[in-house]
Each structure stands twice: as structure tokens, then as C-alpha cells.
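Engineer: Below are the C-alpha cells for one structure; questions will follow.
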Amino acid sequence: MEEIPVKVAVRIRPLLCKEILHNHQVCVRVIPNTQQIIIGRDRVFTFDFVFGKNSTQDEVYNTCIKPLVLSLIEGYNVTVFAYGQTGSGKTYTIGGGHVASVVEGQKGIIPRAIQEIFQNISENPSTDFKIKVSYIEVYKEDLRDLLELETSMKDLHIREDEKGNTVIVGAKECQVESADEVMSLLEMGNAARHTGTTQMNEHSSRSHAIFTISICQVEKNTEAAEDGSWCSRRHIVSKFHFVDLAGSERVMKTGNTGERFKESIQINSGLLALGNVISALGDPRRKSSHIPYRDAKITRLLKDSLGGSAKTVMITCVSPSSLNFDESLNSLKYANRARNIRNKPILNFSPESDRMDEMEFEIKLLREALQSQQASSMSQTSQIHREETPDNRILFLEEQVAQLQGECLGYQNCIEEAFTLLVELKDAVRLNQKQQHKLQEWFNMTQEVRKSILTSFRGSRGIGNLEEGPQHITVIQLKRELKKCQCALAADEVVFNKKQLDTEIKRDQQKIKELKLKTQPEEDLKLKAEDLDASKKERRKGSFGSIDQLQKLDEQKKWLDEEVEKVLNQRQELKELEEDLQKREAIVSKKEALLQEKSHLENKKLRTSQVFYLICSFILVVCHIK
């Protein structure tokens, strides 16, 4: 992005009649054949343009402003502002006075620029131009709309747009068709400006004024490209700011009191902030310093013009009178610093145009992908037709027709949903005239498609079979409902299987508890066996034991051994049941995970098919619109 300096011009007005009568001396002169000014005895300043006391309005315009008008038509934001003390000729140069009463040769910059802008427009028939005008006044640090006097005290706010450009929210913009309309609005705004009489100027401007001309240009390129797509058209929005600053004042010279004194304080405060901005931007070390744009509203409004993205010309008006030596010297110092300010102008393409180009490119890619997919499917179909027998071919075609009917119904449902959504958005969203026209065309096209579908049903199936169309639609809708029910049934099956497995697990756990209860007498049996062995030994040792008692004891021991063996077998069975139960629980967990994954995949498949239908519907709608 190329940097260009702010162009600075200095214009010296002639001595006024009263200054000549009071024998004021000339202290500011132009060095002949140079762009230099000498003030006092030895202070020399060099500028881009220098105009002496005999310079004309036409000379100033052709030298400084005409290149800005050409840049405006090219798409750049441009600014010209007049700076200097009160009574130095700023309003006269900029053309912000009573325009209607000014003769042709005395017209200022604004009327001449308006004429040339409309002349350039008439010489470009291949481009559509829309021109809007706004006129804002900064009076005592309050913004005032000069084109809407009934609500002149309404709230106006300074904001930045998405590209960082400064805009005024709430300002009235009047669309115009001719130079006469612009001149009429300029005259109306000038009449509403705050002016007053001081000792230095009978028609002193008591406010800063910003007259803005906005141009939106669109190329007239409606021819279709060879591939059937529409060529994008370039949208450019550029602005020309004409700024008439109030003059700096010294109370001792102006003799202001009361309300005029308060106005002088506000004017000098704003100009001081502007001087600080110029000093900061003109300092080579400004990269590490803060630029005080927010110190005053006039500096916020000039942010794009000073160090921003606009092409700017600063016209410094000075008085040659020796009585105003100090004011003229300060003005020349600020003008000299402003020459060091560098802007980075950019072409102002409309963001809406950029988004439209991106969307058109994306649509083109989607259209090409759709065409290639259709071509491949047609080639595959033709190959299948060559390989199959007539009967199989008929069967295949019937299946394909049924599939296409289902897809067509899906597209139709998507279009119906889009139709309903667009009807709601039409009332809820603010659209421009062109967008409303396109949307209405799409509505009409949708109605025609509906009528043609109904006519095709009647023509192809006959009056007696008119009910087959709705029946077919009902069948496909029932298929969709069946698919949803199948998904719900699968989920219910998961729940049922889980409950059934939980029941089996509880049954096995109950059986384990019963087996544990049966194994509890094992310890008692062991104790009884030990008691029998002990009593048997004692009886063998004693002389009083009988053979019958010994046999009974042997039988009891044998029975106890059998019971112990049974208990051991039951314990082994219990262990096997526990292992089997653990295996079943693992199988149940794995089955639950598989069923959940299956349900998730089915839902994902259903959502994918719905998204595919919506994308295809959007492509069809865009193709119809194009």
C-alpha cells in the first residue's frame, strides 16, 4: 500500500479596504516563479502550491481540486479543508457562502467540483451512479444536521465502519440526480449555518462545516459468461469531504463577549486539537507516540483525511496584513508540518460486492461439481442399460424412477421450507429494491413450478387417477415415519434387552445366595465327624464298648463323608456359576455399547441425508434464480 503525502496549498488574500485605509503593511509575499512564501524579513516556507493575492478561484480549483475529483471517480476517498485565522478567506475559497448570489467567476471549490462530478458521470454511460449528499455542522462541540432543520438537535454519533472509515450515524443523506439539486441542498445548509459579526469579519463562521458527496458506482455488466454463470459487477463507494473550518480568533482583536466569547473558546479548542494532531502526525517520531484524534469532534471526523486512507489537500488561507503577523506565522507553521503527514489511500470496493463475488464463485464450483456428478451417473446408467436384458432394464428403470421420485419429494419439501422461511424473512429483514425484486421473482417462479407439477399429474395420470399423486406422496411420507419408528424401536429393544439381562443376573445372584445357605452346614458336619472319630477312639480304648455301637458310628461317619462331598460339589458348582455370571455381564456391557453405537450411526445417517437434501435444494434454487 503506497504512502502519499498530504498536499498543502497556501493562498494569500489581498488587503481589505479598511486595512488599506488604516495603512496596514504587507508582511507575507510570494517569491516569484517558486512555490515559496516569505513572511516578515527572512522566514521562508516551501509548499506544494502557492497562490498570491491576484490568484483566481478557477486557478485554485484547477491546480488543487481537479485531481481529487478524478480520484473520487476512480474510487478513492478525498478531502479538501480550508485552515486559517478568521477573515482570511476560507469560506470564500471553499465556496460555503451564499452560492446563488455569487457570479460565475467567484464560485468556490464546492460548486465547481459539483459541476465536474456530474460532467464525469455523463461521460460514463457504462456505469450506474448513485449520488448522496450530507451536510454536518460542528457547533460548540455538538453535531448538527444542516439538511434536516426540523430535527437539527437530534443525536448524531461518530462511529467507524468495518473498514475503519469514520462515519456519522444518524445524519440525513439525500439522494440527488442533478447538479442543481446538490446546489439547492448546499444553499439550504449554508443558510442554516451559525454565523455572526465580529470586529474582524462581518460574516464570521461560528462553526466547522463538512459537506460530503457520496458516490456509489456499479458497472453495467449483465451479460452471462460462456459457462452460464453471471459475471460479477464491481461496486465502488467513494466520498468527497469539503471541510470549512472556523477561523482561529484572538479575543483582544475580535472584541467578542457573551455568547460570541463562548463560541470563540470552543472554536479555538477544536483548532488547538487539530494543531496537536497535525504536529503529532508531522513528527518523524510519531510511530511511538499517540495521535490525539479523540480530543475534539472535528479531529475525529478528519481522522481518515489526516494519516488515514484518503487523498487530502489542505488549503491554508493567510492574511497579508502586518497586524495579523503572528496568526499568519502560526498558520504557515502548521501548514509546513502538515506536509510531513502521509496517508495510505485505498480503493473503496463495497464489502457487499466482495461477499457477492465469493458466493458467485462458490456457486460456480458447486454447479461444476453437480454437472460432473450428473455426467458420471448418466454414463454409468447407459453402461448398465447396454449390459442388462430388456426385462431387467425395465425393472431397473422402475426402481430408479421410484428413487428419483423420493429424491424429488425431498427437494420439494426443502423448497417448501425455504419458501416459508423466505416469506418470514421478507417482512423481518430490510432489503434493498434489487433484492426485493429478485426475491419476488423467486416467489413467482416457485408458484409456476407448483402449478406445472399439478398440471403434469393431471395430464399424465388422467382425471380418474388424480388421487394417485397424493397417495404416492403419502406412501413416501409413511416410509419416513416408518424409518423414524424403526429408530425408536431399536432404542426400545436396547432398553428391553438390558432389562431382561438384569433379570437373569438377579436370578443367578439369588441362586448363589441359596447355594451359600446350603453350604453353611459344612462346618457343622466337619465338627460332627471329628466328634465321631474322637468317641470311636475312646470306645475302642475302653473295655465297655460294643460292636453294635461301633458299626453305628461307622455308618454315621460314612453318611457325614457323603454329605461333605455333596457340599464340596455344590461349592464347585457355585464357583462355576459365578464365573458364568461374570462372562454374561461382560457380554451384556459389550452388547449395550454396540447397540448405542448402532443407534448413533443411524441418527448420523439420517442427519446427513437431510443436510444433503438442503444443499441440493439450495443449488436448485440458485440455478433457477440465475
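Backbone N, Cα and C atoms are what each Cβ position is placed from, and that goes for glycine too.
TrEMBL entries are annotated by machine, without manual review.
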Engineer: Of 330-384, 550-604, which range does TrEMBL call coiled coil?
Structural biologist: 550-604
Engineer: Quick one: of Ser88, Thr91, which of the binding-site residues has the smallest count of other CB atoms within 10 A?
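Structural biologist: Across Ser88, Thr91, these binding-site residues, the one with fewest Cβ atoms within 10 Å is Thr91.
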Engineer: For Gln85 (ATP binding site), what is the tally of other C-beta atoms lying within 10 angstroms of its C-beta?
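Structural biologist: Around the Cβ of Gln85 (ATP binding site), 23 other Cβ atoms lie within 10 Å.
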Engineer: Just to verify: the residue among Gly84, Gly87 with the fewest other Cβ atoms within 10 Å, which of the binding-site residues is it?
Structural biologist: Gly87
Engineer: Tell me, how many other CB atoms lie within 10 A of the CB of Thr86 (ATP binding site), whichever protein chain they belong to?
Structural biologist: 24
Engineer: Across all the protein chains here, work out how many other Cβ atoms are within 10 Å of the Cβ of Gly89 (ATP binding site).
Structural biologist: 18
